[in-house]
Amino acid sequence: MNQTYGRLVSRAAIAATAMASALLLIKIFAWWYTGSVSILAALVDSLVDIAASLTNLLVVRYSLQPADDEHTFGHGKAESLAALAQSMFISGSALFLFLTSIQNLIKPTPMNDPGVGIGVTVIALICTIILVTFQRWVVRKTQSQAVRADMLHYQSDVMMNGAILIALGLSWYGWHRADALFALGIGIYILYSALRMGYEAVQSLLDRALPDAERQEIIDIVTSWPGVSGAHDLRTRQSGPTRFIQIHLEMEDNLPLVQAHLVAEQVEQAILRRFPGSDVIIHQDPCSVVPTEGKKFELV
């Protein structure tokens with residue numbers, strides 16, 4: 001699984017970096033030629049894209065290193081750090097756009113030949129949609145937080161390019177403040193995306209539990225298994241591609257130790273079939289030692 005994960009995530013990071021670099025060169029020319037503040041917004045965003053995608057590429061390679069004596073749970077948390085760094089990059093670009101947009105609202109400047117800007121923006125829009133589609137497929141296959149953060153960023157780029165097209169069209173017909181107004185709106189949306197991304201990264205670093213639906217699946221697998229009378233103390237988290245799952249099984253007091261171990265092994269394999277690559281720890285408890293109030297399963 002780790003080889004497939006690493007290959008897909010690395011390809012996603014390389015594709016994002018290559019596309020952002022190519023679009024940056026095109027946008028530099030378009031901004032120089034038209035003077036559009038909306039295109040400047042897109043240019044700044046491309047700079048952030050490159051920095052974020054390069055960070056992803058380096059961090060993903062580090063996160064895929066196997067566990068060692070100093071990092072016995074692996075290096076998957078590096079992905080969350082990359083997502084947090086991206087949120088900081090994006091917040092900085094949003095603040096820059098705020099200042100530039102306000103300045104152009106106060107003193108609007110007519111742009112040169114909006115048609116060039118429209119052509120460049122259409123190219124950027126098509127390329128970004130293709131990239132986001134590929135990233136969404138990678139996220140569905142790997143659940144990589146770093147690629148998900150990158151995808152959220154490029155999804156905001158799709159909306160941004162659409163807004164730029166409208167702004168350039170309005171400017172073409174003489175409404176010069178539209179350029180700055182749309183750039184300001186883009187900045188607000190980018191900042192919102194950055195804050196959401198940062199929140200998700202922090203939650204991962206704080207070892208947030210797996211989603212309720214996944215935990216319920218684990219509970220259903222465990223409690224329906226022959227030989228298991230009940231279960232409690234389910235604890236879960238995720239680091240990079242690896243889910244960490246801990247659970248206590250409740251078994252009959254007179255069940256031989258070898259048989260209890262065999263049942264636990266079967267339950268572990270069933271969980272791994274549903275969540276491949278997980279790190280599963282199962283503890284067996286005799287029913288008589290489990291407090292009555294602890295037998296009711298809750299998602300904790």
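Cβ atoms are placed via backbone N, Cα and C, with glycine included.
Marked as transmembrane segment by Swiss-Prot on the basis of sequence analysis: 24-44, 82-102, 114-134, 156-176, 178-198. Per Swiss-Prot, Zn(2+) binding site is recorded for D45, D49, H153, D157.
Relative to the transmembrane segment (24-44), the listed stretch 156-176 leads the set 82-102, 156-176, 178-198 in CB pairs under 8 A. Annotation for D49 (Zn(2+) binding site): same-chain Cβ neighbours under 8 Å, separated by at least 6 residues, are A16, A20, L23, L24, H153, Y154, D157.
Within 8 Å of the centroid of the Cβ atoms of D45, D49, H153, D157, where the record puts Zn(2+), the same chain has further Cβ atoms from A20, S46, V48, A52, I90, T128, Y154, S156, M160, I190. Within its own chain, D45 (Zn(2+) binding site) has S93, D157, M160, I190 as residues 6 or more apart in sequence whose C-beta sits under 8 angstroms from its own.
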